[in-house]
Structure formats: structure tokens, C-alpha cells
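This report refers to the structure that appears directly beneath it.
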Amino acid sequence: MDYKEEFKKINKKLVERYSKLDDSEEFWAYLYKPLRPSIRINTLKGNLKEIKALLEEKFELEPIPWTKGEGFYIKSYDVNYGQLIEYSLGLIIPQEASSMIPPVVLDPKPSEVILDMAAAPGSKTTQMAQYMENEGCIIANDAKRDRANILIANLTRAGVLIAKVTVKDGAYFARYENTFDRVLLDAPCSSVGMIRKNFKFARTWSIGKVYYHSRLQKRLILAAYKSLKPGGVLVYSTCTVDPLENEEVVDFLLQKTDAKLEKVKLPLKTSEPVIEWEGRKYSDEVRKTIRIHPQDNDTEAFYIAKIRKPR
């Protein structure tokens with residue numbers, strides 16, 4: 001099958017744009033391919049080894065190498081989480097493998113005060129609470145009330161006790177200058193990575209959405225950085241491939257503030273960050289960020305930047 005041609009039938013402009021970014025056969029083939037099911041074992045609710053043993057009675061598990069031992073692929077495409085007692089009890093959290101990377105990079109510690117600026121549906125929030133051992137505080141924010149309700153349900157099922165859910169425009173948190181030990185901005189985006197979950201993201205993609213999200217992301221990342229304590233860490237992430245929503249947003253922050261990028265070392269394959277796009281030239285510092293295309297690790301596309309505020 002010619003996967004690029006298949007995508008042209010769905011959205012020709014999407015293909016025209018991202019062929020300039022990665023025109024390999026593998027890029028389009030993996031973007032077409034369904035995602036492998038993946039879960040996190042929730043140690044807030046039980047012992048990792050015991051829960052893993054329960055799951056292995058039903059499925060073959062494969063460790064996800066960039067997690068802290070709690071992430072697994074389920075080697076079966078026929079998984080109905082709603083029918084699993086382990087899901088109902090909050091012992092497992094369904095979560096795409098690459099979306100587990102931002103909390104690993106943020107590395108929150110017990111007793112810290114964390115801002116999750118765009119938290120819903122909450123899988124990353126529960127992951128952070130797990131790393132914090134339910135000690136400290138997470139402000140779990142979302143701009144939309146209906147999404148915040150889903151967030152609350154997921155936090156409750158996971159046994160998260162340290163999250164305070166707010167419904168605010170993320171830029172609101174700029175008023176809390178130098179407040180948070182760490183901030184996660186998993187930003188709203190054009191969701192090209194989500195095409196592997198549902199082709200509607202290919203059908204509904206438009207360049208207008210890219211421009212809209214890029215403007216929003218720049219507003220949010222400035223607020224996120226302002227709210228961060230000196231010495232603190234901000235992780236910026238998206239599940240898309242567009243440089244206007246990734247490298248451009250990080251480059252914008254570097255130009256506007258004293259932010260410093262830190263190189264991330266994890267056991268995963270990555271694609272080269274984009275230094276030049278549509279006549280724009282970005283700082284060489286963005287080479288320290290992580291760009292993941294679908295074929296790199298057979299996951300969603302993702303982008304992650306680790307940012308430090310100097311003391």
C-alpha cells in the first residue's frame with residue numbers, strides 16, 4: 001500500500017506540508033498504523049510486581065524502556081480496558097507510550113509544588129502523583145470545564161490525593177510568579193500524533209489550526225515560565241510534528257526570557273530537531289529538544305523540551 005497516497009485522499013494539504021518535514025515511506029506508514037496498546041501500573045494503588053503478575057495472567061507485557069519500570073506495552077491489539085477489573089480499580093492507567101515521556105523528563109519529587117497547566121484527561125497528572133508518592137501538591141488545570149470533569153474522574157480512580165483541579169485559561173498562572181518547583185505544559189496542539197488513534201485528526205487538520213495553536217502555545221509557555229521558581233524545571237510537550245508548534249515555540253521563549261534548555265538522555269530513538277523552517281531560523285539550542293516521529297519508536301509523534309529557569 002502507498003500510505004502517502006492514502007493520506008492524500010484524506011487531506012492533501014497535510015501531506016503537502018509534512019512531506020517537507022519527513023518524506024520517508026516509514027513516516028507515512030507508521031502514521032497510518034494503529035498504536036500498540038500501552039499502560040502504566042499505578043503504584044499509588046498497589047504493588048508493582050503483584051499488579052504485573054495479575055496482568056500477565058491475561059496478556060503478554062513488554063516493558064517501555066524510557067519509563068521508571070511502570071510502563072508496559074500489551075502485546076495484543078484486542079484490549080477492552082473497560083472490561084478489566086484492574087482498570088476499574090485504578091491499578092492500571094491506559095496511556096500512550098510516548099506520552100509517558102514528559103513526566104519522566106520533569107521528574108517531580110515528593111513534597112514539591114507542581115503546575116500541570118493543561119492537565120486533562122489526566123494520565124500525566126496521575127503519573128506525576130505516582131512519582132511524588134502522593135506527597136506535595138499538583139495544581140491540575142484545564143481551560144474547559146467538561147474536560148476538567150473527566151480529569152477529576154481519572155484522578156479519583158487512580159487514588160491521587162494531592163491534586164487540586166482548577167478551570168482557568170493557562171495564562172492565568174502568570175500572576176503566580178516564581179511559585180512552582182516544576183511546571184508541565186503539555187500544550188493543546190494540532191494533534192498530528194493522534195492520527196494513529198483516529199483518522200479524524202487527519203481529516204480535520206488545517207494550517208489554520210497550526211497557526212492558532214502556535215499563538216496559544218507562545219502565550220502559555222511565557223505564563224508557565226513566569227510561574228516557575230528560579231532553579232525550577234519547565235517541560236514543554238506536544239503530540240504533533242509541526243515546527244511552528246514545537247521548535248518555534250521554544251525558540252520564542254529563549255528570545256523573550258533568560259530560559260536555558262537542557263539536553264535529555266533517554267533510551268529512545270529520535271528525529272533531528274528542526275533548525276530552519278519556511279525561512280525561519282531557530283537557535284541552535286533547540287537541538288537539545290526531543291523530536292519523535294511515529295516510526296522512531298512505533299509510538300505517537302511527540303515533542304519534548306526541558307527548560308530550566310536560572311537561579
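Cβ atoms are placed via backbone N, Cα and C, with glycine included.
These come from Swiss-Prot:
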- Cys239: active site, nucleophile (ACT_SITE)
- Ala118, Ala119, Ala120, Pro121, Gly122, Ser123, Lys124, Asp142, Asp169, Asp186: S-adenosyl-L-methionine binding site (BINDING)
Other C-beta atoms that fall within 10 angstroms of the C-beta of Cys239 (active site, nucleophile): 27
Whole-number Å value for how far Cys239 (active site, nucleophile) lies from Gly122 (S-adenosyl-L-methionine binding site) (Cα to Cα): 15
CB contacts for Ala120 (S-adenosyl-L-methionine binding site) [other CB atoms within 10 A, all chains]: 25
Alpha-carbon spacing, Asp169 (S-adenosyl-L-methionine binding site) to the residue listed as 'active site, nucleophile', which is rounded to whole Å: 20
Which listed residue (Ala118, Gly122, Lys124, Asp169) has most other Cβ within 10 Å, given these are binding-site residues: Gly122
Largest separation between Cα atoms (Å) of residues that the record links to S-adenosyl-L-methionine, namely Ala118, Ala119, Ala120, Pro121, Gly122, Ser123, Lys124, Asp142, Asp169, Asp186: 20
